[in-house]
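The structure appears below as structure tokens.
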Amino acid sequence: MSYSDPNQNPIPETYAPSNSTESEKLKLYQAFIFSVPICFTFIVLFVLYVIYLRRNSTTNVDWSSLGMRGGTFVPTNNNLSTAELGLSKDIREMLPVVIYKESFIVKDSQCSVCLGDYQAEEKLQQMPSCGHTFHMECIDLWLTSHTTCPLCRLSLIPKPSLDLSHQSTEIVSSIENSNGGEASTQPDSQSATEAISHTDDVEEGNRDSQEVSKETEENDRNSVGTSDGCCTCRLG
């Protein structure tokens, strides 16, 4: 048997260091990592919301007041709806239908909407304004949201004749007539001045001829007088 010595120093108990401080630091670090992307997403959403509000505020402008101030044409709601929605079904059905044949001269050999080739005896729909042809289903779907030809973008809606053009032509014609009247009066005045100058020239010519004739008569008289004097001298 072994007996413990009471004078022997007891061995001190060693305790492992606590990991409480490290665990707290790890939790704070994890919380920071998760909070950063969340805060970033909130900031991005807030910025997008502000941009959305600004766009709505700029689009919701009183266009009628702007049109009255600027004096420009402002499209009405009916014009916008027709431009956005395209042609009605009745108008689409009124478009001419053409049967495609290889011998028949057609501008296009394939549909510009679906890029599919035309087959013989296939029904196509033709644009009356430009003459381009398309598949009936393709052009019908296109014209539900557009009012132009999908190939050349020519509008199918006829433009209304404006009275301003008629008035402008009338104004131009009246101006031309007035200018023509002035031009007709100018030759008359010129002809009158030419006639007056011609009469003056004629009168001056007559005066010159009369003076010349008088001078010739005086010369003849002088010559006759000298000849008579010579004859008397000879006779004497």
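Using the three backbone atoms N, Cα and C, a Cβ is placed for every residue, glycine included.
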Stated Swiss-Prot location of zinc finger, expressed as one of 68-110, 111-153: 111-153
Helix, strand and coil residues within the zinc finger (111-153) as assigned by DSSP: 8 helix, 10 strand, 25 coil
